[in-house]
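First the structure, in the form of structure tokens, and then the observations on it.
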């Protein structure tokens, strides 16, 4: 089959938008190879890559939704010759639609984003470290006793010494607790200097992730406030917000924000949770809006699914090297008991992975399975046997999935708190208790089909608009209402209810932005959330979207129980697939030695 736009589209490898993009950008009368290249590079963006590898572009075998297909693709050298004869291909610094660098082909816009991010990160890495004063070192010793908290103590010390820091770790490893003490000790250091309190910002990519960050910091503050100076405690009362809200999202601004490179925020310490969910363009806009000299702390779990949009920036910044060994450059400013490593790239001094889980004991099924998934252990399936917090039910067909789902709903009664909720507070609490997750959006194994099936199981014969209680998910930003894509809520008593700083807040149904039923969510949509119990539905056959990261992300949303509705071959097939996203970030930021 010829490698051209028409055949690639017929094979369902290109969307209509990919095809229209190529035709519109290239115009008429161009080589067939140019149209195909433009469409495939845009397709790679849709798959999360920043750049498209030439060998991927020129492969002769593609996996289409209908199975593998053979194409008469040009060799890399041949394709480059064809593209070079057009006005569309250039190198770094050229103003051409396609940019070739390091064996990757980029759309100009995204190559520019990548180069800008590299510059922004390098600027912050070149900032001098700050020595920790004796009072701060004493605070570290006071609040981080020996034992499981050693890693958190080291992370806090590093974060206080640097203006740019990345804190990674799985669920329950203490990232938020460590962040609370970084905020506390940084604020205490400022107050001791006699200056005005630090201006803090707590951020997350989604509304629900921001709400969870607020809850975690508030709980830490409530617990420790009696032992803190009242003025210090008062300076730590900060409400988290979404990145879009912090930047000042302008609905008519075509991607522009109130705060940007020419009009930066006045925040002096910015903490971002769930940083793995932030895509490349938003990462650039965020760092541009924060002035040099402000502290930036990025937290997240790089083993989770990356952002829905392009890039895996946080994973690239925290690639899996030794994350527990800072270089000797920080020897003078860290607690004396810290083990120091060898010299290396500057990023080694700006990041640390926490490994001890305070949530999952080593013997729990969820904890053991999470570790097995993180390392790609081929025996991961065995953890479903004889584990009290893990369970598996068959789902080899829509009929069998329906039977397994019905058994779970009737025997375990996971939705009883939701069905019994009489007020907004109870209803909002109930939707945090249990969540059905799907790998797919459409079909009987996807969100659309399973929302309908659960609705029928819980409220037989009742239409959606007539349900007494309806869990929903906001799907579009509405800054005027303070609602953003990904915010969960419930419709109860003729109004929509959402979490607010002072408790549940009501929004009139007529004012609601676009939203969808949320009995079932995609795994991507669940990021930034935690539930007591999670059930994951896998399709009966292996699909391109399935990966180790998807399994890990779904599992680690659960705090107490996890149910897999799926078959062993599909689970183990996903276990062998690691999500990789093409970019030049790793080479640019890790290829340089200590400067």
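Any Cβ shown, glycine's included, is placed from N, Cα and C.
Residue 174 (ATP binding site) falls outside any helix or strand according to DSSP and counts as coil. The ATP binding site annotation in TrEMBL covers 169, 170, 171, 172, 173, 174, 175, 176.
What TrEMBL lists as domain 'RecBCD enzyme subunit RecD N-terminal' is 11-106. When the domain 'RecBCD enzyme subunit RecD N-terminal' (11-106) is classified with DSSP, helix, strand and coil residues number 39 helix, 20 strand, 37 coil.
The residues of the domain 'UvrD-like helicase C-terminal' (518-564), classed with DSSP into helix (H, G, I), strand (E, B) and coil, number 12 helix, 17 strand, 18 coil. Per TrEMBL, the feature domain 'UvrD-like helicase C-terminal' maps to 518-564.
Cβ contacts within 10 Å of residue 175 (ATP binding site), excluding its own Cβ and spanning all protein chains shown: 24. Its own atom aside, the Cβ of residue 173 (ATP binding site) has 24 Cβ atoms within 10 angstroms in the protein chains shown.
Proximity of residue 176 (ATP binding site) to non-local residues of its own chain (separation of 6 or more, Cβ distance below 8 Å) is seen for 213, 216, 217, 220, 273, 299, given in sequence order. Taking all protein chains in view, 24 other C-beta atoms sit within 10 angstroms of the C-beta of residue 170 (ATP binding site).
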